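According to TrEMBL, the domain 'Response regulatory' annotation covers B:2-121. The annotation domain 'HTH luxR-type' is assigned in TrEMBL to B:141-211. Residues annotated as 4-aspartylphosphate in TrEMBL: B:D52.
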Amino acid sequence: MNNISMTRASAARSARAAGYCATVFVRGLALVVLVPVLMYSAVLCLVGVGLLILPHELRLLRRLADGERDRLGRWAAASTPPAGPHVRRRLMAVLSDPATGRDLRWAAAMTVAGTALGLIGAALFLFPVAVVVLVGLWWLFPADDPIRLILNVPIDSWGSAVYAGVPQFLLSVLLALFGPPLLARLAASVSRWLLAPSAAAVLAERVSTLDRTRTGAIDAHGNELRRIERDLHDGTQARLVSLAMQLGLAERTLSADPAAVGPLLTRAREGAEEAMAELRDVLRSVYPPILADRGLAGAVSAVVARCPVPATVELGELGQPGGPGGLGDVPAQIEVAVYFAITEALTNVAKHAHAGSVSVTLARAGGTLRAEITDDGRGGAAEGGGTGLRGMRQRIEAVDGVLRVQSPAGGPTVITVECPCGS
Amino acid sequence: MRIVIAEDNALLAQGLTALLEALGNEVLATTEDAESFVTAAVTHRPDVAVVDVRLPPSFTDEGIRAALRAREQVHGLPILVLSQYVEDTYARELLADGTGVGYLLKDRVARVDDFLDALHRVAAGGTALDPDVVRQLLATRGNPLSRLTEREREVLAMMAQGYGNSEIADRLVVTERAVHKHVGNIFVKLDLPPEDSGDRRVLAVLTHLGAPQRQSRRPGPEAD
């Protein structure tokens, strides 16, 4: 019983391996065609035509290579994430993609190694069937040149078909069980070795990703600074200047016409109040005071309490206790980004979702701060629909976070925010 | 009135003291942090205390906590909290502690008459909420308010700030009888027990709007 199930398991494994070998073989055949075409096009670059067709061929190559990367991931459980299609079509852009070089060397090696390994691997799986058929058909061969299979024993009668055929069949079964997995592993490791980026390349890509997000964060920060400067300069500062002027005027008027001073002072006080209100708005947009007072947990609870739609909040483990609201050391800019995202999401729910209830969860798992806002509204929230989703995304991405929106028509809408916050 | 001030910003503390003393009040003590404020409140037992929300050492909501602590030690001590911004969470916390509390934006101090008016109301055991706080509180659970007319909403907002019928009549330039009628309609529409004293009405309105209230201070079960 046990033996049977073991055999069945190895047969299944062999079948999977043979399937993989077959795809390697087919890709190899495709490359047998594509590689010479590529080389020819490269030569044609000298006269210009190649410049136009080469990018398309490289895109095709990328599709083949990505198919292999994907297959590797599923078959050999080796993580070689697909490099993705080329975004731009200019030849230099395509060539400067580090994955293109890997595609090319893989293509060169696979025309020979892939085709051979793939063919043998797939064929070995069918070998027992061939043996049975050929042994059964011994009588079709001429008597002076009888069929000989793996062992050099002629099969020229039903007797020899049994005594030579059965061991040969068993041998072919063994080969079919263990051959394809071996060859598939070999082919897979060659592919992986050629397709997977080196540690240095992975690091370089990570650096360039970080570089991009960092540039985004610096831009966002710069824009924020300019906005604050403009708000203070055009609003508050201008109001204070006009306030000082009104007071100066009142001072001058005092001796000449005391009765006229009253309205001037009233206007001055009103100006001061307006300046204070504006200043408050600027401050709130920089760092909401409630965040400073109560921490992220307290601030989110306050927002939830204020939501016109019945709302619940669930605060998970948020960090080291001790800080205000138990949110010890979440960096301030991440607190602000998450807080504004939740505020904005709740505003959207109140305005657009037609929801009966909304729930907010906020928790920290290791180095990630995670917020989820779920409502039972009508769904269909779309970026660019004027619901502030894009602004939320920009804020979150500026702090290296991720924002996901699931909002099928008919609801429910789930907005997930994840930000790295140190550990 | 005899007043204790808790304000860490020296400029503002001096300004407040000067303003209050110029209007004939006695400033018993000016404290700069929560601890010394509570001590001063216990020692001097003022008619009313004016407290800034943010105080050292943490500069968060020390003032609110200090106010609640002081009221534990001096029962019913009237406290007017001043803040640079409005946050209805704080108003809810103060109101949950009963009456004789106020919560105003610092801006309002500039309107000296309004500020004094609020201070007197709080000292007398009434309530004084900043119009902005009231706006936040009323915006929170908006649905039942849709049944009110524009004028009734105006009256409700002033009720929630702590004004009595005659003051509302003055401010809206209508007769007191008209206000009385509006208030009656509001009570009926919002399903509130009819009450007449100013702070009771505030609590009734705010209870309805979802501010947490202590069970014992919950108004008007006898009226149900």
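Backbone N, Cα and C atoms are what each Cβ position is placed from, and that goes for glycine too.
On the 0 to 100 pLDDT scale, the domain 'HTH luxR-type' (B:141-211) averages 82 in the predicted structure. Residues of the domain 'Response regulatory' (B:2-121) grouped by DSSP class, helix first, strand second and coil last, total 60 helix, 26 strand, 34 coil.
If you draw a 10 Å sphere around the CB of the residue listed as '4-aspartylphosphate', it holds 23 other CB atoms from the protein chains shown.
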